[in-house]
Each structure stands twice: as C-alpha cells, then as structure tokens.
DNA sequence: AAAGTCGGCGAACGGTTGTTTACTGAATGA
DNA sequence: TCATTCAGTAAACAACCGTTCGCCGACTTT
C-alpha cells in the first residue's frame, strides 16, 4: 500500500520522530508540564520555531506519545488470552508480558504512569480513554465464559477494570525495581545491561502473580461460594 | 506541653502555612516540577526571597506536603479495622472512609496521586516511604487472624499491598468522579457544594466495594479451596 | 535599656521561556 | 521548465524564572 511517501514527507516524519524521541527521553527525569519546547528542539538540533510544523503544543506532543505508548497494546490482550491452558499459566503469561513490556519500553511506561494523573489535562484524558478501551477488550475477552456462569455485564466490567488497574500497578512496580539511570548509585555490579536489581524484579513478579492468583480465586467463588 | 511558642515563631509558622496552602492550591492544576517559587510567593503576598526562610527548594515544600497529606493517615487504619463486624461491613467502612477523605481533602489526595510517579525524586520517595509504612500497619492488623489460618508473613504483606494499592486506586477514581473546578463545564446544576456528578461517585463506590468483596472472597479460599 | 536575632523586603543579576516574523531553498506538480 | 509549496532558519520580543545581596525593623534575650 501507499506509494513510498515522497522525499518531502519522509524528511518531515523523520524530524517528527526525532522530536518524539527527544521528548520521551527528557520525560524520564521530569514531567510533561515542566518540559520546555526549546529543550526538546535543542536536543534534536533544530530551531525552536520548527516545533510548530509538527505540534501545536507540548500537550499535543504528549497526546501523540500516549497513542504511541498505548496504541500498540490493543492486540496484545487477545494474543495472551488465546494461549490459556488454565488459570496459572494465564497469570504467568500476563505477568511475563508486562515485565517484557517494561523491559522493552521503560520510557513509554514511565511516561504513562507519570502523566496518568499529571498536570496536563488533554494527556490525562487521552490516557484514560486508552485504558478504558483496554478494559473494554479485557471485558470482551472474559465475557463469554463469565456470562455463561451467570455473571452480569456490570460485574464483568468491574473485574476487567480490576485486572487493568492491577497491570498498570504491576508495571510501575517493575519500573521502580529496575531504575533506568538512577543517579546516586554510580553503576551496576553487573555491567551487562541497564536492568536493575534482578532479585527485586523477581520479587515484584512473584507478588504480582500471587495477587492475580488470589483475584482469580475470588473470581471462581463469586456468588457460588 | 510547650509554652505558647512566642510571637516570632507564631508569625513564621503562619506564613509557612500560607506557603503550603498556596502551593497545594496551585498544584491542583499543575505538577510540582512546573510549580514556580515566585508563583507561590505571589499568591501568598510575600517577597520571593522570603521563601528561603522556610524551604530550601520546591521539592522541600513538596516533601512537607507529603507528610501533611499522609501523616495523619496512620491512625485511621486501626480505627477502621477495630469496628469490624464481618467482611462486608468492614468493606463498606473502608470505602466510605476513602470517600470521605477525598471529599474532605481533595487537593491533598490529588497531590499524592499526581506526585506519586511525578518528576521530583525526593517527593516520590517520601510518598513511597509513607505508603510502605501504611502497608506495614495494614499487614500488622491482618497478621493475627491470617497467620492463625496458616498464612506466611510474605503472603500477608502481599495482601496488604494489594489492599493499599486498591485504596489509592479507589481514591483517584473518586477524584475523577468529582472534579474540583473542571473548566469547560461552567457550573453545577445543583449549586450546593462542589461535589461533582453524585451518580458517578456512587458508581465508583459500588465498583470498589465489589472489587474488595471479590478480593476478600479470594482471601477466604487462599490455599483452602 | 541595650544588644542581638531573624523574618521579610526590594532590587538587581544572568539566564531561559514561548511565540511571531520574514526569510531561504529544496522538493513538488503542471 | 517554471511557479508553487512548505519544512526549517535566524532574529527579535516581552515576560518570567531562581538566586543573591544588603538592609530594615519588630521581636527576643540579657
């Protein structure tokens, strides 16, 4: 599809990407409401006025980052929920998926966690909308089985929100367990990669698994035990 | 105790309070890392330099706000957990306590939610420490009964963290259901008080109750069902 | 009553911010 | 080939920022 997009548009999207990347990098140490326009353009190596060719605002860039961070998540649910051979394996797969997400895109996850209740309204609303759509998909995936067991749609939605919130919670816990460039600590004992204390990561994963296990235990006995 | 504190110190603490109040008010629409020193002093009506008589930094003021917001919470747990006549009433009491907290001190709660993962490290760490202490108390309150049922201390702590995180989650959900001065919407149909859509508030409470019910259902069947 | 403490003031500093303006020059399309 | 589009530039703008300095004057201690 699409006939290779022309040299003009290609260059434009290239600097747009650079702006997004620079913004995301700077947002690891500060929040969006304090991130300056000039700060971003300075990192990219472009004139401040060039910013306006791509974004109206800083919050505009923020919304774009939200879509980039959470947009690719929508397929993931069905993939994980498809390979379920029992509760425990589904839980393991879920926690592992969250861990991999945090390991692969720490800056994106940190951005979402930080701006979910941050000071920029449009960004907050974009995140809320995206997470709500995410909960919709989780609910949709659980609906067939649970309604067959006599669950109301309201209760299914309630459970889906609990799952989504717990996933976000787990993701931020993973983030705190593997700090990116935490100043104060000069370096790692293991100079391999930037993954923080591996034992702390395992502890977070173990806690998350047990919590999900407890929740699914409650789910099995809902209005039947 | 303490001999009435002298006129000098009294005046000092008065402007200190004013600075904290002004900061908290301004932080309803922005995050700490973008809050300016001059901005705060301007609201209070003092010279910018006066700020340094009370706080070293903006993050210093932030840490003070954390203690003020979460410090008074430590007694609350035992009070609620004391009046328990069965699971459901304990859940109702908990949700009602959170709702009242949000209704009574919305700015404090918003501040905590916003800065928990915000851009200012010392504040993040202060919040994390306070919430951890809170989880300790919850765990301590649940320990006698649960250990008698064969729970490990690790599992008790896991459950306590789940409860605390769910309470924070519920508090922010309440906040979103009753927006303070949400611009865009000119005013309330009911000009009585600033509480937003009452039905949305009830819906949040109902969801939180059912989620807690499901969790306590899982707790009852932990390693026994 | 004298000496000392200290919260707040006012001014100045160097630096940064967002935004607008007129412009250049390469890619584009007729 | 020639006119047009438009991403990026350079400069200027007023406004604001955090921080430092010396000073005043009301409170406090001796």
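Cβ atoms here come from the backbone N, Cα and C positions, even for glycine.
Under 8 Å from some Cβ of the DNA-binding region (B:36-55) lie the Cβ atoms of residues 12, 15-16, 18-19, 22-23, 25-26, 61, 64, all in the same chain and six or more residues away from its ends. TrEMBL lists B:36-55 with the feature DNA-binding region.
The feature domain 'HTH tetR-type' is assigned by TrEMBL to B:13-73. Confidence annotation: the domain 'HTH tetR-type' (B:13-73) carries a mean pLDDT of 97 in the model.
According to TrEMBL, the region 'Disordered' annotation covers B:177-199.
As a summary of secondary structure, the domain 'HTH tetR-type' (B:13-73) carries 45 helix, 0 strand, 16 coil according to DSSP.
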